[in-house]
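*Asks:* Sharing a structure here in structure tokens format.
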Amino acid sequence: MLAAQLDSYLADMQMTATPKQKQQLLDFVAMLAKWNKAYNLTSVRDPEQMLIRHIMDSLAASPHLVGERFIDVGTGPGLPGIPLAIMNPDKEFVLLDSLGKRIRFQKQVQFELAIGNISSVESRVEAYQPEEKFDGVLSRAFASIQDMLQWCHHLPKPTGCFYALKGQLSDEEMANMPEGFTLTDVFELKVPRLDEQRHLLRVVKAA
């Protein structure tokens, strides 16, 4: 049932996936549903809704990512980082979260699904100092783009971008970019079977 739905959703989004990638996405949903009962990783309980609200919602950002090295800040159980890593095996993803139970889940997913292009880090974002900066800083965890830029300003390369996955947009929020940052793109995302506004904001540090 879920496999057929995944095929349909990928087709709707004009995405192609190998049989291995499809199985990894489905296995990730199964692990999330199983671990969620004990670890309370997400408020979404139904696997069909997990597929829509977590997997497809994460993948909607995929066509807009530029670069090879990304960090997913406040990733929780690995969202959007793990679905994006599965579908972009040529890119590297660091998954950052401050809660140990979420990191344990991510590492188990990495082990069981043999995902070679993710690494999990347990840290608060302001305390994390990577040896190498990132092409893209991703998050769907922050309430406002201002918060994201304040907490994550030290993470991208000079040529890197911030990617914020958002729902409904506030004109005030978009107009009030912190000093030193420029909003370059607002992408309207279409997620199958999700009748809600979804957007991806791309922000760069001003030169």
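Along the chain as shown, the residues are counted starting at 1.
The backbone N, Cα and C atoms fix where each Cβ goes, glycine too.
The model shown is predicted, which means the values in this text are computed figures rather than measured ones.
Residues or ranges marked as S-adenosyl-L-methionine binding site in Swiss-Prot: G74, L79, V125, E126, R140.
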*Asks:* Same-chain residues six or more away whose CB lies under 8 A from the CB of G74 (S-adenosyl-L-methionine binding site)?
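*Replies:* In sequence order, L96, D97, V125, S139, A141, F142 meet the Cβ cut-off.
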*Asks:* What span in Å does the S-adenosyl-L-methionine site cover, taken as the longest CA to CA distance among G74, L79, V125, E126, R140?
*Replies:* 19
*Asks:* Given the binding-site residues L79, V125, which one is most crowded in terms of C-beta atoms within 10 angstroms?
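*Replies:* Neighbour-count leader: L79.
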*Asks:* Could you list the residues of the same chain, at least six apart in sequence, whose Cβ is under 8 A from the Cβ of E126 (S-adenosyl-L-methionine binding site)?
*Replies:* W151
*Asks:* Let me know how many other Cβ atoms fall within 10 Å of the Cβ of R140 (S-adenosyl-L-methionine binding site).
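*Replies:* Result for R140 (S-adenosyl-L-methionine binding site): 24 other Cβ atoms within 10 Å.
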